[in-house]
Ligand SMILES: *Cc1c(COP(=O)(O)O)cnc(C)c1O
């Protein structure tokens with residue numbers, strides 16, 4: 001028998017979360033962002049739940065090919081555009097829309113031979129200072145693209161640096177609206193955090209049109225996967241999101257230990273009373289963060305308890321003492337939910353585990369290890 005660890009991808013939850021995104025921006029079309037192998041879920045496994053999106057946005061040409069291989073004929077957007085000239089041939093062949101964020105990409109397009117002009121998304125650097133043309137250079141880039149026979153429609157795009165934080169999005173929204181004011185073309189601005197946190201405020205107020213976040217396409221990623229973009233300020237439950245990935249395993253051993261006994265490498269945890277611990281078949285080689293300290297929440301038989309001591313490569317320890325005291329029969333073979341949804345429908349958000357590890361749900365999903373088998377379920 002294989003080790004009992006398993007990742008379950010929930011199609012119905014993906015559908016539900018996509019519907020939440022649409023609800024937050026009812027007039028916009030939705031790019032389902034499936035970069036990084038659908039945030040670790042597996043593009044092929046996530047596709048069923050996300051197929052009612054208006055398009056798929058990603059980074060790798062190889063991922064774009066996989067989406068086409070699934071039979072998707074709708075829009076696909078390369079969020080970083082092309083990296084070298086021959087990528088444009090694949091864009092022509094697979095009808096991929098691509099971001100243009102620098103002069104070199106315009107040079108490559110100008111030299112590209114294609115019968116079919118390309119749909120491009122011209123990116124403005126409105127303050128994040130990662131990709132895009134500065135406000136001063138944006139319009140000349142637009143004019144240059146507009147003059148190319150290789151270019152069909154030009155859409156306008158920017159990305160927020162602080163949509164999940166205190167600084168918010170107004171400063172960048174103003175820059176975007178100012179620079180693009182009289183340019184034609186569809187607009188796309190919002191990631192998950194902007195979609196959930198700001199779309200409704202903006203729709204509700206009749207503030208300065210320069211602050212308007214109304215756009216043609218939203219680009220949610222993390223919210224589709226049931227993680228809150230601004231945990232712990234708002235939890236995934238606050239946003240009405242459902243977990244789309246459950247990481248589960250089983251207890252493979254128990255130990256009854258006395259006061260003063262330690263657990264795991266480095267004797268990092270020392271019992272202050274007699275306890276029963278469970279050993280779970282999941283470790284950092286499965287993608288569970290090694291830095292999770294004693295006390296990280298975990299579900300055993302769908303009941304909340306805590307981890308104990310250091311996470312090792314293939315195992316971690318949990319506290320069974322309170323569950324046994326409550327009369328539950330937990331032991332060898334009992335279901336453990338590292339994150340996601342337990343059999344009894346109890347939920348442990350990936351954000352809580354990420355928070356204990358000092359990181360984000362994004363990183364945990366993306367770091368799910370290859371050795372963990374996965375299944376798709378409703
Ligand atoms: C990753 C990404 C998104 C999605 O971001 P989330 O925070 O996961 O919603 C949107 N736009 C661009 C350009 C991205 O790279």
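Think of each number as a place in line: the chain as shown, counted from 1.
Including glycine, each Cβ sits where the backbone N, Cα and C put it.
Because the structure is a prediction, the values reported are computed rather than measured.
In three-state terms derived from DSSP, residue 35 (N6-(pyridoxal phosphate)lysine) belongs to a helical segment. The local packing around residue 35 (N6-(pyridoxal phosphate)lysine), expressed as other Cβ atoms within 10 Å of its Cβ over all shown chains, amounts to 18. Annotation source TrEMBL lists N6-(pyridoxal phosphate)lysine at 35.
Taken from TrEMBL, the feature active site, proton acceptor applies to 35 (among others).
DSSP assigns residue 313 (substrate binding site) to coil in the three-state reduction, placing it in neither a helix nor a strand. The Cβ neighbour count for residue 313 (substrate binding site), using a 10 Å radius over every protein chain in view, is 11. According to TrEMBL, the substrate binding site annotation covers 130, 313.
Positions annotated as domain 'Alanine racemase C-terminal' by TrEMBL: 244-377. Per-residue pLDDT, averaged across the domain 'Alanine racemase C-terminal' (244-377), gives 98.
What TrEMBL records for 265 (among others) is active site, proton acceptor. The Cβ of residue 265 (active site, proton acceptor) lies under 8 Å from the Cβ of 309, 310, 312, each on the same chain and at least six residues away in sequence.
Counting only the Cα atoms, the space from residue 35 (N6-(pyridoxal phosphate)lysine) to residue 313 (substrate binding site) is about 27 angstrom.
A 10 Å cutoff on Cβ-Cβ distances gives residue 130 (substrate binding site) a total of 11 other Cβ atoms nearby, all chains included.
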